[in-house]
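Student: From Swiss-Prot, for reference:
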{"type": "BINDING", "residues": "HIS28, HIS83, ASP165, HIS169", "note": "Mn(2+) binding site"}
Amino acid sequence: MAKHELPNLPYAYDALEPHFDKETMNIHHTKHHNTYITNLNAALEGHAELADKSVEELVANLNEVPEAIRTAVRNNGGGHANHTFFWTILSPNGGGQPVGELATAIEAKFGSFDAFKEEFAKAGATRFGSGWAWLVVNNGELEVTSTPNQDSPLTEGKTPVIGLDVWEHAYYLNYQNRRPDYIGAFWNVVDWNAAEKRYQEAK
């Protein structure tokens, strides 16, 4: 049976410093993300009919997952899908402004890049407990949203363009309880070229 595996990061653990510190990145990737994968593989044991499905397919079609393992797949499959996506939209050469059609769409939808950042930051800062803030494409339109725990926008039929993990494990070593500071630091490492590519694929 095919196993889900931890993807390699496209940069070193210290590449996003000082914004995202080396120790947090290492623990986040090798411990937290890896645990979701271990638990997902355990949940899928004995379910050969799900073996060939990508994690994105699993979380996008939870109603097709047997009820006995649906919650485990939602939580751990969501954790795997969300983190796999997250690593790809971060870059040591990130920051700056959105590019291409995404830049135009953000301007049209939110009025300005600053207004978008404010709405995204609010989604992340006001998410009670653990969860994620997202910029998604929903029915062809950009939308800022948040999800609880490891729920994926894919489950709601939405396609992520950028996302930010606001679980404490993502920032506590460096930012303690200062979640807004962590959200502010995120803008220095967003890979807008990757986000533009995601937008092109989603719209």
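FYI, residue positions are counted from 1 along the chain as it appears here.
Cβ atoms here come from the backbone N, Cα and C positions, even for glycine.
Tell me about the setting of these features in this model.
Tutor: Taken residue by residue with DSSP, HIS169 (Mn(2+) binding site) is part of a helix. Here the Cβ of HIS169 (Mn(2+) binding site) has 14 other Cβ atoms within 10 Å, regardless of which shown protein chain they belong to.
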Student: Tell me the Cβ contacts of HIS28 (Mn(2+) binding site) under 8 Å, same chain only and six or more apart in sequence, or just say none.
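Tutor: Looking at Cβ-Cβ distances below 8 Å from HIS28 (Mn(2+) binding site), excluding near sequence neighbours, one finds HIS83, ASP165, HIS169, ALA170.
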